[in-house]
Amino acid sequence: VEPNATIREIRLMFHKLYPRWYPARQSIKLDPKGKSLRDEEVLQHLPVGTTATLYFKDLGPQIGWTTVFLIEYTGPLFIYFLFYFRMPFVYGLDERFTSSPHPVVNLACICHSFHYIKRLIETVFVHRFSHGTMPLRNIVKNCLYYWGFAAWLAYYINHPLYTPPSYGKKQINFAVVMFLLCEAGNFSIHVALSDLQRNGSKIRKIPYPTKNPFTWLFFFVSCPNYTYEVGTWISFTIMTQCAPVGLFTLLCFIQMTVWAKDKHCTYLREFKDYPSLRMPIIPFLL
């Protein structure tokens, strides 16, 4: 292997010798317990001498992130409709194909569908993935989470005994405005992050606010897309006043806080001039 060979080139060489292990399945490391080397890293720039031992690990069958997101987000979209239209096997024959007398139930269906349709559109036209694949085994876990919660939320929101929010139209209208603002903000952040990786570039850059006011949250947090995402589900909780939605929102917040902290630490580690005012997900707090 030439000193100027990249890890990607080494993966391709390995694949040629062992066709079973295509590049996405390979984890190449300098140390068995260390981190996987990135494709763009050059051998001679790594902490090795004239000879180097690289360690290979099989990551297992892989699936593309675009396919993963399409599967994860399509499920909740259609599962919700099963409960919204009250299919006979959901609430029983007496309630089959009936409509709810509460307008908020129709509004909740529109908002829930809008959220996942937006995610599907972003997956196809906006997102650029630095890591092209994930282990195939993870798709089952992810689908259980998204599909299972969609069914649980939909069951209670569309239940014949569902009661509308305590403060009526004022509470619902406030939640709808909050929901739309957070969805617009989330989309704006995804577009801004996508613009950082134009022309297929995988070089990590510091994201900065643009002329779009929704991106100004970058002044205060590293991952405003997660901030807006949590805001979306908080507004949906207020709109429906449903306990399972609140629990889902809490779990979303916990998981996204973990992701945001990891990403924030990565930014601090890679960029010495990273803005010191930023917090991972909540301005000035967390």
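Placement of Cβ uses the backbone N, Cα and C atoms for every residue, glycine included.
TrEMBL has this to say about the protein:
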{"type": "DOMAIN", "residues": "1-58", "note": "domain 'TECR-like N-terminal'"}
{"type": "DOMAIN", "residues": "133-286", "note": "domain '3-oxo-5-alpha-steroid 4-dehydrogenase C-terminal'"}
{"type": "TRANSMEM", "residues": "63-85", "note": "transmembrane segment"}
{"type": "TRANSMEM", "residues": "144-162", "note": "transmembrane segment"}
{"type": "TRANSMEM", "residues": "174-193", "note": "transmembrane segment"}
{"type": "TRANSMEM", "residues": "213-228", "note": "transmembrane segment"}
{"type": "TRANSMEM", "residues": "234-254", "note": "transmembrane segment"}
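Counting residues 6+ beyond its ends, the transmembrane segment (174-193) has Cβ neighbours under 8 Å at 107, 111, 114-115, 118, 122, 126-127, 165, 207, 210, 212, 214-215, 217-218, 224-225, 227-229, 231-232, 234-236, 238-239 in the same chain. Counting only same-chain residues 6+ beyond the ends of the transmembrane segment (144-162), those with a CB under 8 A from a CB of the stretch are 72-73, 75-76, 79-80, 82-84, 86, 90-91, 95, 98, 100, 102, 105, 108-109, 112, 240, 242-245, 248. Sorting each residue of the domain 'TECR-like N-terminal' (1-58) by its DSSP state yields 17 helix, 10 strand, 31 coil. Mean pLDDT of the predicted structure over the domain '3-oxo-5-alpha-steroid 4-dehydrogenase C-terminal' (133-286): 94.
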